[in-house]
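S.K.: Below is a structure I'd like to ask you about.
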């Protein structure tokens, strides 16, 4: 793809925008960067672009810039309804994200992983599997390094693994993964999408450009994911935690079984360091992608057994007085909380935060069956209480610290205190990481008697 002399507008000057602008300028494009933040707020990014032939429109956007550019490279956080993007589209301009741009320069087999939950763990583990099996591997996308940084450096790689969000998928045109992994779909981002179906359709775009020589790894236990099999031209490779498959990857009798073209590999799970039903699914997806693209089964098993997981995803913080305290602050939607609840019994659940607009009703069965006490916090607590509070003993707390103290007083030995919010953190905290740290500090502050 020849970029020399092309008029390209880069929208947003965060890390990805800086990398895109730098790459485009090096390719000889005529680059303009626009950001609603002013020069003072962008001192760091501007310093990184010093010396590069880039023009700036800062503190505002100008529709004329969007209409004049041949291509607009937009941050995935900008909604399609933006009047500036609408101006570009009315003028017939190409609007893409960094993932689409970068993919046009990549020749190595590419694994793209999406889903409502589990993307980051699965992406990270898949990268570990390829690297552990001797492949030069790049891991990035919606996590860590922007994909364009691989293109910019010109590094030679054998495999590329990217996490990709629904927002990024909205703008793809030719992006084509060799293996597309769809883990699950549950209600999320309804503050961005007008309907749940719009969100589903955005996720399904991961298959848009696949051909019969590609693979689509689908979690067929999820009825919505299973129903999308007809949207891909790729060969479907199913995965299931609930039933045996003649072809695909599945869980049975304490082991993950991979079956493909007469080959069978068995991966016992007893030595895995990450636990929970959701992690069995994440591991199955990673193994499927890795083995389909040439990984050795024995080396892959060793990598899985060594993998310790990622922070803030159902981590054991402490065991005190026979009670285990788990921090799952990354569980910002109902689907992820479902998987957490399915992993334990005798639960004291701490949940709540900023409401994201979806229904909490899918949790009803698990709350009734497995949750002995539920303690609610944050803006969403009243609605959560209305939808779920009648199913178990339900209390309210003003702060997270109060909730931890209350949980410690209610939970009997052998029980689990699970902080799995089902909501975003922005009503009370800077982000889910600060929320996690506050929970951990509150748990660490408990005395052997169960109170601070």
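Cβ coordinates are placed from backbone N, Cα and C, and glycine is handled just like the others.
Checked Swiss-Prot, it gives:
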BINDING   115, 116, 117, 118, 119, 120, 121  ATP binding site
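Describe the structural surroundings of these features, if you would.
M.R.: In the three-state DSSP scheme, residue 116 (ATP binding site) falls into the coil class. Residue 116 (ATP binding site): 24 other CB atoms within 10 A of its CB, across all protein chains.
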S.K.: Compile a sequence-ordered list of residues in the same chain as residue 119 (ATP binding site), six or more apart from it, whose Cβ lies below 8 A from its Cβ; state 'none' when nothing qualifies.
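M.R.: Set apart from residue 119 (ATP binding site) by at least 6 residues yet with Cβ under 8 Å, we have 113, 142, 143, 163, 164, 165, 183.
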S.K.: Which entry in the list of binding-site residues, 117, 120, 121, has its Cβ near the fewest other Cβ atoms, using 10 Å as the limit?
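M.R.: Ranked by other Cβ atoms within 10 Å, the binding-site residues 117, 120, 121 bottom out at 120.
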S.K.: Can you name the residues of this chain that are 6 or more positions from residue 115 (ATP binding site) yet have a C-beta less than 8 Å from its C-beta?
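M.R.: Listed in sequence order: 122, 181, 182, 183, 184, 185, 203, 219, 225.
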